[in-house]
Amino acid sequence: MTGQTAQAAARRSQRAFTLADVAATALFAWEGARLAAEAGLDLFGIMVVGCVSSLVGGITRDLLLGDTPPFAFRSPSRLLAALVGSGVALVLAFLGAPAPDELIAVLDALGLALFAVTGAQKALDHGSNGLVVVILGTLTAVGGGIARDLLLGAVPSVLTSSVYASAAAAGALVMLIVVRLTARPAVGMTAGFVVCAGLRLAAIAFDWQLPHLVVR
Amino acid sequence: MTGQTAQAAARRSQRAFTLADVAATALFAWEGARLAAEAGLDLFGIMVVGCVSSLVGGITRDLLLGDTPPFAFRSPSRLLAALVGSGVALVLAFLGAPAPDELIAVLDALGLALFAVTGAQKALDHGSNGLVVVILGTLTAVGGGIARDLLLGAVPSVLTSSVYASAAAAGALVMLIVVRLTARPAVGMTAGFVVCAGLRLAAIAFDWQLPHLVVR
Amino acid sequence: MTGQTAQAAARRSQRAFTLADVAATALFAWEGARLAAEAGLDLFGIMVVGCVSSLVGGITRDLLLGDTPPFAFRSPSRLLAALVGSGVALVLAFLGAPAPDELIAVLDALGLALFAVTGAQKALDHGSNGLVVVILGTLTAVGGGIARDLLLGAVPSVLTSSVYASAAAAGALVMLIVVRLTARPAVGMTAGFVVCAGLRLAAIAFDWQLPHLVVR
């Protein structure tokens, strides 16, 4: 009975996790598609950039881990989430609806944190060394945004502005350390998630910036 | 005797197919190298961009399917076709020969359609789901052009203008549907080819554009 | 006794080789990070571009060979070298120290040559055909610089200017020919290294440029 309860709890937790991941995928697609619409791309280009924004981080991680075809291609759920998110952006842009920028920024911070810890966890599962765990966690979280900005002809915003990629790296690092200390992935992922989302939200609230070094 | 005739026919059909694929590779290389020459790249850069234009779509498809080394690297034929196509562009640019733009546009539509259906077919052979089949067919057809434009510092033209990538996606989708219905790949590839090439040629003839949504 | 001496010599040679490779990685990272600092990226972006500059060439080669996870991810040494090189660039930029541009150009030529011949050798070991050997040798040497320039929003300098990628290709080609003729990889790598570094240094000294073909 207790065993069954534990199993049911694990299933519920797995389902909540998948739901969060699908939601984050749709959100990242929405953000990417909005930027593509603003950049003047056509309908097809908008959908492509939306999908790229939400999926390329995880796909690149999987290619680097040698885990092909990438997870996003193995079932339609992530692709559908990306298409739906991009489609919502299209419709809202068509209707001229003002975007709830603050809400999006908060949700984006949560998506960033989720992708950072899940990417780091996957690298850890594949036996990667600590540096690679942090790099792949960060790449999972920001790779889509980098590809999006390259497609739109811009220097990737994650490399130029504010605490974004560094928050993802901090979250992945905290996850790694906690997992090494406690051997409990769930605890590590929770700690990493809180650190990444907290740093990112604080950076938005207090307008934190990392220093720039402009050399003559 | 009949079996031998059928085998000979299959061999001829296979040979015609390979020839078309090699020709499309050379054509895409020619187009890419021309754009690179116009963009002021040096001799080496022109050859590189020509090869990238014609090969990166298929290479990316193969990486995503986990089929490495990519097909283009397994025999020299595609690489040689890309080098020859780029070399022809170099010589013609050097001679200042006017490019037969309309002929190129028509041949490009045929190459696009060929790459879209062969890419989709390969994804199908690897057991990909329907969304992935359409995505990889499209990526095979337009991936080289996207990489070319990124190298030349431009927003990829396939994302901003006219019915190009969407024609490739339509061709891949039609192929998928016909194969699902008839279980005959050759019929599906023919149908997808006709739809993609037809859409693209019609888009050129009638100057079709997908709508853009420029948000304030 | 002689066997032990030979083994010790092989170990020393292997160690010298690894040391050179680590040093070249750090140097490429330093150069990339300097450019990123000049481009106005923040601290995190500078470190990222430094690592990308030094590692993406080899990582792309390994992905294309199907050798995953890529070599750079299998032990921390290359990643650490990239981080240290980027960090040195950061500190020097912060101190406003003038960069020893001529020394860097010479060291860069040596790093280019080392990466070109090691990349070509690895492709050869994987049974690639001759064209692929030259392409992957070149890509190992210049792939990081291409990715760096794309991230910084510039047309890759290796495609537009001077004898750089073509020196790498020449070095890889010479290595290939010498290995085919002599069946001695060490001889081939030495010859390829000398040709690549020599061409590159001569190009700097005499300001060699490949022709450009600017078409109307």
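The backbone N, Cα and C atoms fix where each Cβ goes, glycine too.
Caution: TrEMBL annotation is automatic and unverified by curators.
Straight from TrEMBL, the features:
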DOMAIN    C:19-92  domain 'Glycine transporter'
DOMAIN    C:106-178  domain 'Glycine transporter'
TRANSMEM  C:16-33  transmembrane segment
TRANSMEM  C:39-59  transmembrane segment
TRANSMEM  C:79-97  transmembrane segment
TRANSMEM  C:103-120  transmembrane segment
TRANSMEM  C:127-147  transmembrane segment
TRANSMEM  C:159-179  transmembrane segment
TRANSMEM  C:186-206  transmembrane segment
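Each residue in the domain 'Glycine transporter' (C:106-178) gets a DSSP state, and the totals come to 60 helix, 0 strand, 13 coil. Sequence-distant contacts of the transmembrane segment (C:159-179) (same chain, at least 6 residues past either end, Cβ-Cβ under 8 Å): 109, 112-113, 115-117, 119-121, 124, 130, 133-134, 136-138, 141-142, 146, 185, 187-189, 191-193, 195-197, 199-200, 202-203, 207-210. The average pLDDT the prediction assigns to the domain 'Glycine transporter' (C:19-92) is 93. If you look at the transmembrane segment (C:103-120), the same-chain residues 6 or more away from its ends with a CB under 8 A from one of its CBs are 20-21, 23-24, 27-28, 30-31, 57-58, 61, 133-134, 136-142, 164, 167-169, 171-172, 175-176, 188-189, 192-194, 196-197, 200-201, 204. Secondary structure counts, DSSP: the domain 'Glycine transporter' (C:19-92) has 64 helix, 1 strand, 9 coil.
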